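Among the features that Swiss-Prot reports, domain 'SpoVT-AbrB 1' is placed at 5-47, with the record citing sequence analysis. According to Swiss-Prot, the domain 'SpoVT-AbrB 2' annotation covers 76-119.
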């Protein structure tokens, strides 16, 4: 399980330096893809396989399902870290997430979300009504 928030930056060669606490769970090789809300999602390989299996069951006849699978898999790639915990994020994914230098990585249960520092700040400063969200979670039994 991934938890916590970590602020860091791309190195001079535009590589992400994965914080040690997140690296332990992700492993030296993981999958990164376009996430929702303008961030990137990083999954350990075993979690990625579970997600693949679930998405394979979506009906091809459903347009929204096809669109989501295309969105999710078209940006996906494996990232392999070097001994210092650095890995290269493809340019198309950096552009999608608006990542230029400063990064915030957050642990979210089975995945790591990678945000540009600016987008993460905007997200947290937006008018999200957490009380309303909490009420909806109650409706889901949480």
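Just so it is clear, glycine is given a Cβ too, placed from its N, Cα and C backbone atoms.
Summed and averaged per residue, pLDDT over the domain 'SpoVT-AbrB 1' (5-47) gives 94. Across the domain 'SpoVT-AbrB 2' (76-119), DSSP assigns 10 helix, 21 strand, 13 coil.
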